[in-house]
């Protein structure tokens with residue numbers, strides 16, 4: 001998933017990909033392929049390096065980058081997660097995917113990041129997206145998606161989640177909902193977390209109480 005079909009882009013190609021996929025991603029955040037490739041085209045190597053440094057700043061993060069786990073239906077035992085106690089990360093993650101009819105297999109491979117370690121950071125960022133919906137208790141609608149993007153931006157500085165949080169089609173929200181959602185986004189745009197969410201080795205924490213994990217990371221509960 002990391003090494004197949006990866007290739008470099010010229011500056012012009014990168015610009016075309018960024019604009020084309022970026023416009024589609026902002027208009028339809030459920031086009032996961034366009035969101036993914038727009039992120040690859042607009043993210044600088046220095047930004048991925050900075051995220052990697054934050055991951056490597058903890059023992060857990062170093063184990064994560066050494067193991068490079070992949071999250072999909074072939075690598076995760078979802079029957080085991082289902083058997084875990086309610087309120088654990090694993091049980092709640094499996095339950096959310098089943099309830100929302102979401103599959104981790106929909107996350108496309110990294111295609112335009114050449115460096116192997118940087119490509120894994122990008123892939124991990126992509127595959128942990130659904131965990132953020134769970135940890136933030138964010139619904140899978142435009143409000144929830146933009147909230148997740150706001151949190152991703154606060155942690156990574158990537159351009160696409162910033163656009164997803166601020167330029168998404170909020171015409172779908174009425175005035176009262178829009179004002180309430182603005183407050184949520186303002187809260188999420190601040191990096192007030194204690195532990196970088198991408199440095200968490202979630203696969204080692206399936207049986208951890210999910211509220212305890214939220215507190216450990218410092219994730220605000222804005223949808224309660």
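Heads up, the Cβ atoms here are built off N, Cα and C, so glycines get one too.
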Additional site residue, 143, 145 [criterion: listed by TrEMBL with 129, 130, 133 for Zn(2+)]: 145
Determine, for the Zn(2+) site, the additional residues of the same chain whose CB lies within 8 Å of the mean position of the CB atoms of 129, 130, 133, 145; present them in sequence order. 131, 132, 138, 140, 144, 148
